[in-house]
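I'd like to ask you about the structure that follows.
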Amino acid sequence: MIQIDALPAFSDNYIWLLQDTAKRRCAVVDPGDAGPVERWLAANPEWVLSDILVTHHHNDHVGGVERLRQLTGARVCGPANERIPGRDLALDEGDRVDVLGVTFQVLAVPGHTLGHIAFFSDQPATPILFSGDTLFAAGCGRMFEGTPEQMQPALARLAALPEQTAVYCAHEYTLSNLRFAKAVEPTNPHVQQRFEDVSRLRAENRISLPSTIGLERLTNPFLRTSETLVKQKADEWKGHSNTTHVAVFAALRSWKDTF
C-alpha cells in the first residue's frame with residue numbers, strides 16, 4: 001500500500017512523497033528543494049529514502065536532488081534527454097521503473113521542456129500519474145522549449161488515461177487556472193462548481209490536489225479543444241478560425257500566457 005503526501009516547497013511547488021508504510025521506505029518526485037524532504041526524514045528517522053523521480057530539468061524540480069542523493073544514497077531516475085544532476089537511471093518513452101514495489105511506465109510528454117517525462121502506474125487500486133509541469137489541474141505548463149505540435153498530442157495522450165487516474169502535478173496553480181477556464185467556458189457547470197470547491201479549499205490553505213483525469217476532461221480547456229465553445233473562444237482570441245486541435249491549443253496557450 002503506497003501513501004502519497006505533498007511536501008510544500010517554495011511558493012507553490014509540491015514535492016510528492018510516496019511511502020511504503022509496511023517497509024518504511026519512501027520516494028520523492030521533483031525535489032526542487034532538499035529542505036522539506038530532509039525535515040520529513042529527520043522527523044521520521046526510521047524511514048529510508050530509496051528513490052528520487054524527476055520529470056524535467058528545471059531548477060525548482062531538481063535543485064535538491066544532489067544533496068538528497070549524497071545524504072541518503074537514493075537512486076535518481078530522470079529523463080534521458082535532459083541534464084539531471086546525479087542521475088543514476090536515464091529514462092525514455094516506454095521504459096519502466098520499479099519504485100517501492102510499484103511499476104511506473106515512462107511517458108514522453110515534450111512541450112514544457114523537450115525531454116519532459118511523466119510517470120504512470122495502473123498497478124494500485126487507483127491509477128496514478130505524476131505529470132510534472134505538463135498537465136496541471138485545470139491547465140498546462142508553458143511551452144518554454146517545445147511547440148504546440150509537440151505539447152497538444154502529449155496532453156491528449158494523458159487525457160486518454162483511465163478517468164479514475166489520480167493526477168499529481170507539481171504546482172498549486174488550480175485556482176488561477178480555473179479563472180482562465182471560466183473565461184473560456186463561462187457556461188460550463190463543471191468549471192463553475194470546481195472553482196467554488198477549490199476556492200473554499202484555498203481559503204482554508206488546503207491543497208487542491210490530486211485531480212483526476214475524468215475531472216480534467218470536464219474542466220481543463222487545454223484538453224477540450226474539440227468542444228465548440230472552446231474553439232469559438234480560441235477563434236475570437238486569434239481573430240481567425242483555428243482548423244486543428246493543435247491550432248486551438250496554441251491559441252488557448254497564447255491567451256493564457258497573457259491572461
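Cβ atoms here come from the backbone N, Cα and C positions, even for glycine.
The Zn(2+) 1 binding site annotation in Swiss-Prot covers H56, H58, H112, D133. Per Swiss-Prot, the feature Zn(2+) 2 binding site maps to D60, H61, D133, H171.
I'm curious about the neighbourhood of these features; can you describe it?
For H58 (Zn(2+) 1 binding site), the same-chain residues 6+ apart in sequence whose C-beta sits under 8 angstroms from its C-beta are G32, T113, D133.
In the three-state DSSP classification, H61 (Zn(2+) 2 binding site) falls within a helix. Around the Cβ of H61 (Zn(2+) 2 binding site), 26 further Cβ atoms fall within 10 Å across all displayed protein chains.
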Which chain neighbours of the Zn(2+) 2 site, leaving out D60, H61, D133, H171, have a Cβ atom within 8 Å of the mean position of the site's Cβ atoms?
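Other same-chain residues with Cβ inside the cutoff are N13, D30, G32, H56, H58, G132, A170.
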Among all protein chains shown, how many Cβ atoms are found within 10 Å of the Cβ of H171 (Zn(2+) 2 binding site), not counting that one?
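Here the count is 21.
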Which has the fewest other Cβ atoms within 10 Å: D60, D133, the binding-site residues listed?
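Counting other Cβ atoms within 10 Å of each of the binding-site residues D60, D133 gives the minimum at D60.
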Looking at Cβ-Cβ distances, which residues of the chain lie under 8 angstroms from H56 (Zn(2+) 1 binding site) while being 6 or more apart from it?
P79, E82, H112, T113, G115, H116, I117, G132, D133
So which other residues, same chain and not among H56, H58, H112, D133, have a Cβ within 8 Å of the centroid of the Cβ atoms at the Zn(2+) 1 site?
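My list of surrounding residues reads T55, H57, H61, T113, H116, G132, T134, G141, F144, A170.
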